[in-house]
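Annotated features, as they stand in TrEMBL:
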TRANSMEM  26-48  transmembrane segment
DOMAIN    41-290  domain 'G-protein coupled receptors family 1 profile'
TRANSMEM  60-81  transmembrane segment
TRANSMEM  101-120  transmembrane segment
TRANSMEM  140-158  transmembrane segment
TRANSMEM  200-225  transmembrane segment
TRANSMEM  237-260  transmembrane segment
TRANSMEM  272-292  transmembrane segment
Amino acid sequence: YGMKNQTVINEFILLGFSYGLRVQTLLYLVFLVTYMVTITENAIIIFVVKRNHHLQKPMYYFLGNLSFLEIWYVSVTLPRLLFGFWSQAMTISFSSCMTQLYFFISLMCTECVLLAVMAYDRYLAVCHPLRYPAIMTHKLCFQLSILSWAGGFSISLVKVSFISRLTFCGPQVINHFFCDISPVLNLSCTDMSLAETVDFALALVILLVPLLIIVFSYCGILSTILCMPSAQGRRKAFSTCTSHFTVVIIFFSATLFMYARPRRIHPFNLNKIVSVFYAIFTPALNPLIYCLRNKEVKEILRKII
């Protein structure tokens, strides 16, 4: 690889969104407002779920977990991006880049598992309503949420430990607004086939296993709903699942597009656009989807307001 002549780099330059000043200013305002809205919405959900005894149910416990996750998820990428709009050189040290990559991937993996847990919870509520309180106890809720966080953070640790062992030599420019896997891997000048294979295999596991659980849960839910005698019963059962199902479709379509395919075929500007969608806008959309579709949450918010 002719590494003798190349200097090993310890910092990267993030290109971000290098457009004209007017576009930069507009993007800065959009991202700043989105960040503030996301933090506020998710904080409100956590507050409402914590303070309200009507919402002391497994579904809302997991929703509180998801909101807590979304706050950290946007905080891993957005503050640095916003800062980068005003400081001309968006440099990031190797260790900061690996830290950002680790937390971003950890939170994404955790969300995959958490969405599967929420689907299983809906499956039990719709398909086994009489046994539901006995199965979905406080203890099981706690264990499932711990499993989500531990699973996400440990899988990410394996991925990032393989990536961080690679050697990086110039060019040190990352055509992205944060340290994501494929832009970082593409800068490696050592054989990265092992790191790439490990990353791809773990991406498939963490995406496909939760996705299978979600698909099976929804197949069970759908068959139960279709067998219900009354139209009102069907509508009620269906309404408890639609918000979760919407979030699942948005999240998994973006992440499968980004992470469950070989690295080499990435058109980077398209990557950036998709990344903006799932790293910045989705966490702002999720609380809205959950609240607008949910009568209980809407009622409580109306009372508070």
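Including glycine, each Cβ sits where the backbone N, Cα and C put it.
All TrEMBL annotations are machine predictions without curation.
Among residues of the same chain six or more beyond the transmembrane segment (101-120), those with a C-beta under 8 A of the stretch's C-beta atoms are 59, 62-63, 65-66, 69, 72-73, 76-77, 144-145, 147-149, 151-153, 155-157, 159-160, 163, 178-181, 184, 206-207, 209-211, 213-214, 217-218, 244, 247-248, 251-252, 255, 279. The average pLDDT computed for the domain 'G-protein coupled receptors family 1 profile' (41-290) is 86.
Long-range contacts of the transmembrane segment (237-260) within the same chain, counting only residues at least 6 positions beyond its ends with a Cβ under 8 Å from a Cβ of the stretch, are 59, 108, 111-112, 115, 118-119, 122, 125-126, 181, 200, 203-204, 207-208, 211, 214, 218, 221, 224-225, 228, 271, 274-275, 277-278, 282, 285-286, 289-290, 292-295. Here the transmembrane segment (26-48) has Cβ contacts under 8 Å with residues 17, 19, 55, 63-64, 67-68, 70-71, 74-75, 78-79, 81-82, 85-86, 280-281, 283-284, 287-288, 290-291, 297, 300-301, 304 of the same chain, all six or more residues outside its ends.
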